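Q: I am attaching a structure below and will ask some questions about it afterwards.
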């Protein structure tokens, strides 16, 4: 009742307003939109402007357009000078990343990403700089024209992100993309380095430059600030030890009392310190011991404090040996630039830093008094995501600095020489390889090492998984945490409530990385840095009182709020709500950046304004008094194409909120739930899920781990990879022959394009028990379905052969297929060479069997010594090094493609793609979209399969025991919906949480459709047994379910061996399937045999069938002898006689051990006794 | 024990119901199987054994509909085991001719060789399998066991994208033309197939002309030869002569009590396939009747609600099968059924000879 009243009130309000102000006709238009169905259109509009991997591309674009310029203009980077010649300088004026191209025979040619993939090249563009430098006495300026590289100096090549602003693919339409060999549905956001696609994973880390109050292991409150500026990164901790407060920093050898630090910064009066922290006796009481300690140390003045700190600091190499006054200066310098480096100190004006420390202390004291004030480290608002752009910027700056260092070295070297023959031109000293190789190597290996910041990360990049379209897409949204995987803590792994709408709650791997690897939700955006200057100026004009004018008293008075801007204290404001509102209004009006967040924290009496990069945010509809700002006519305009998502943003109908600002708002899921206090309304509830979880129909009806399992399995499903899949030459490619789009779709499926690049087939599933070959989730398959193409897949495997060039100017070569002369005298192609063309390379379309030679390659025998005429060496100078096909025995594959090309090092390479088409067999793995995987248990003839009254025969039978414990109700609804969809000829929807908004068909509506088509409402049919012909004594739940074929196939895994290869060293059977190895009888199995007493069995398994060896033993000295075949006697080399020799059998490994022991002067003697 | 009140020689109604009907309740069907044992009803002095003369007397076939591809007929007075045997034979054992070997001279289309061959295999071919012999692997292809088709299409450079449909499969009655540069071809036909009397009137071709085999872009071409042989559905579904063969038991809808007035309206309304009708019983009095029980799809809507299972009972008549066959086109459906009977008799004969 209560609820209803409120709702009515709102409507009344609206009506009143309209009646008074608006004419009648507009009244209807002004009416708030009723259902959320209409608002859905915002989503495709959003994805159109932002794209699915926009965060990567935005970040990279920002790096290439802005950050890179900031880097070269940063102090210390901008100029290269010489210690030798004070007149010499090289100044960088501008930097520009050009168009992707490749140098071939001194000609620059534009390249496309697909060429790079095929030719194993790097998709990169030249980085050119405008420079000014001295050449002798003249000043030379080299400047590119309007961003063109001619005239400018090329300093290296920057790998380009696909679909970034410099990529040839940006802004292209579908036809142009097709011409470039690219799939229009491919999201981009990755790099092509040496032919492999590499994605720089999003890195999650704790916010920089923010105060984080935490408790340490002993339960004491501790504050930590990770300062990060362009020049320096440092971590400052303020800790509590024995009830006193200390500052801990790695420039100081020991914890230093905080009061000493404050005094060193010029806050000499204890009163001032107390006032700064807060005059309230409860704070002063806690602070007292710290103050006492300081006075106990006898430190009262700034000079004394600095002297104390000077002693405590670690010896730095710069000032070693100097004492006294200098140490004080040094301490002051450290305080100014290293401790809390992000707080700017101009000309040793320490006041802002003092206040900053005071604020930290106050926060700590508050946390001591009230444990709620402790910050949550796992809170998403305290996290920043580091994207490709930021990571590359770090790397680039480091490489750039090192390059300048090298440059300076070479300048000093040359200029130091007294008489030079030619004028020194620094432009000729620049080696573009250094930057290019540095960037390329980092991306291809994933090792990010920046020595300056002591950063050494591994596995930053990954090869884009092209197992399926979704796998690739999901890879672009993946976030890894810097957290250690082995630690057993639940906090960072747990699902945070603040992840809502930002990170997908389902998509995380199982096992050790569970909860540490996350995925972005559908509408998440990650911010990039924004210009700070204008925003600070704006804050001041809006009434932020500057810090320097304030006393400690004013800082903490009841009504003042401290204004933080990107972690730095700007000042205070007395009317925080009004200030925040004004800022938000400005943001909605587009006067300040849309990603600036304003967050009022009444508990801490602070306002946080953030414009830094790496925050996650998402768009929300703004509501006034609980009424959505988006009206019917807005959506109509959007639908008609008069409006874009940006218009909504510009007009202040929609805005981006980050996690912190979300805490200042009340967000309603639907309009209907809105109350007058509501400030925002969600655009679509299903956007809290990511790309992978978005494929699941009715995920909100499933047990949650099932959705997580499906997120992992969706990436292993075979299907279509991209529109250009048949033009790609990947190491391993799995394709489905007849992929289908799911009968039961979701809105996410349509948005990401899974309906165009599906990975599965709609199988008619009967849920019943059949044959006993369906236990433990096994499925029974219909042979006729398999005959007709169900689950048929193509496996394409690549093999690359590079024709090596050797140092002695010889090279590998490919020769015509070998010929055999038959008995009759005719010449025939040798049996294993028959698939080759006359050029010695396999012909496309030929069937290839294991053992066939597909490239008849030869290598020179001598690759070291110089050869007289490398081009005309005799055949005898070559040895055969043919490429032999190794595939599953008995199977026959086809040569799909042969590519002859050269890579960017001008090596001739031959890529062969070998195709194998497989039909499902017993043991192949299948799964539905609900985390219900199972292997094929048996394949049954169609006539033995049950059939319905309509003659429908299922494609597969699933055991009903899969349901009760898994609780995948979503799968049951999918079956019902699929059945209704087939009958009514309409794709049904099952979007997450979609029932209220009409994005998911309700079960009742589906049941009604079923009944109208003569089916039972429950989806259960009257079934006849195909074996007996009688009806079954139960109605069977039967209908279509989208099934995925997973990449795990028996053919790739089955392995058995009777006899086979052995390891040379130990003569034991090899290990592993790939080496045709034996199956190990391990320790535990051995224990079983011992316990059973099967001694002969042990002997047989461990010695006779493994590495039995016969040796001659001298019974006298106990050493091993040998058998002389000439004399036909056994001899002992130690006793020099053939007497007393005995023959025995032992494992070869044992004999090896004895000999190895002997080689290190340990003599094992064998003492034999009569058996 | 004497039970005088029980009539001799016939079963009590509930047992008779169990013997002859499947009762399809809302939750599950019951009495689905038939009683095989001849002495099952000995106590009632009823002989349950199967007798030839009874079978002859009771067995009937009524053809309900028949056209080129489909047939629906009633098999009355036969056990499910037998009806099922026909169904199984139709699906798996009646032979047809299907493409088994594809020789690919050129294929530059996007569709892979194996996939194209697989698709070709599934194309139904209108050729009477009875005129052909089975071909073993060792046998050389001849005019009695192989039909040769050719597909030679190209999309010219200036042209549009072309669809490649099954009507472009050309029959080569004289046998294989491959390999082109060799005298010994893949087949050795004694005579041209079109000289055989069975094929003079009509050329062998795909049953449907519009099955898409491949799509070609300008510049792409396909040149292949396909050899069709006789086989059965058990080895591969492509040889199955039916799209499906199925049967259902004759539906029987029984109103256990008179349903009148609004209840009757409700009953008529609930049934999506209009099994029930309303009978006017005079002014304002309406009674539901079962008008079209044959249409019942067993959606169980009429027995779903409260108390409805007391009013309506859905049943299936056990020894009455509505059999339907959808032919893929090689043979007309009625011929298929007679073929299946022949195969079954052959099998019985074989058992008999082996038993004796």
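Cβ atoms here come from the backbone N, Cα and C positions, even for glycine.
The following feature annotations were taken from TrEMBL:
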- A:51-431: domain 'RNA polymerase beta subunit protrusion' (DOMAIN)
- A:208-386: domain 'RNA polymerase Rpb2' (DOMAIN)
- A:462-526: domain 'RNA polymerase Rpb2' (DOMAIN)
- A:563-623: domain 'RNA polymerase Rpb2' (DOMAIN)
- A:645-677: domain 'RNA polymerase Rpb2' (DOMAIN)
- A:692-1075: domain 'DNA-directed RNA polymerase subunit 2 hybrid-binding' (DOMAIN)
- A:1077-1167: domain 'RNA polymerase Rpb2' (DOMAIN)
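Thinking about packing and proximity, how do these listed features fit into the structure?
A: Helix, strand and coil counts from DSSP across the domain 'RNA polymerase Rpb2' (A:462-526) read 17 helix, 12 strand, 36 coil.
Across the domain 'RNA polymerase Rpb2' (A:563-623), the DSSP tally of helix, strand and coil residues reads 13 helix, 27 strand, 21 coil.
For the domain 'RNA polymerase Rpb2' (A:645-677), the DSSP counts in helix, strand and coil order read 13 helix, 7 strand, 13 coil.
If you average pLDDT over the domain 'RNA polymerase Rpb2' (A:1077-1167) in this model, you get 92.
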Q: For the domain 'RNA polymerase Rpb2' (A:645-677), name the stretch out of A:51-431, A:462-526, A:563-623, A:692-1075, A:1077-1167 with the most CB-CB pairs under 8 Å.
A: A:563-623
Q: Pairs of Cβ atoms less than 8 Å apart decide it: which stretch in A:51-431, A:462-526, A:563-623 has the most with the domain 'DNA-directed RNA polymerase subunit 2 hybrid-binding' (A:692-1075)?
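A: Between the stretches A:51-431, A:462-526, A:563-623, A:462-526 has the largest tally.
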Q: As a quick check of your reading of DSSP, tell me how many residues in the domain 'RNA polymerase Rpb2' (A:1077-1167) are helical, how many are strand and how many are coil.
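A: Split into helix, strand and coil, the domain 'RNA polymerase Rpb2' (A:1077-1167) gives 32 helix, 24 strand, 35 coil.
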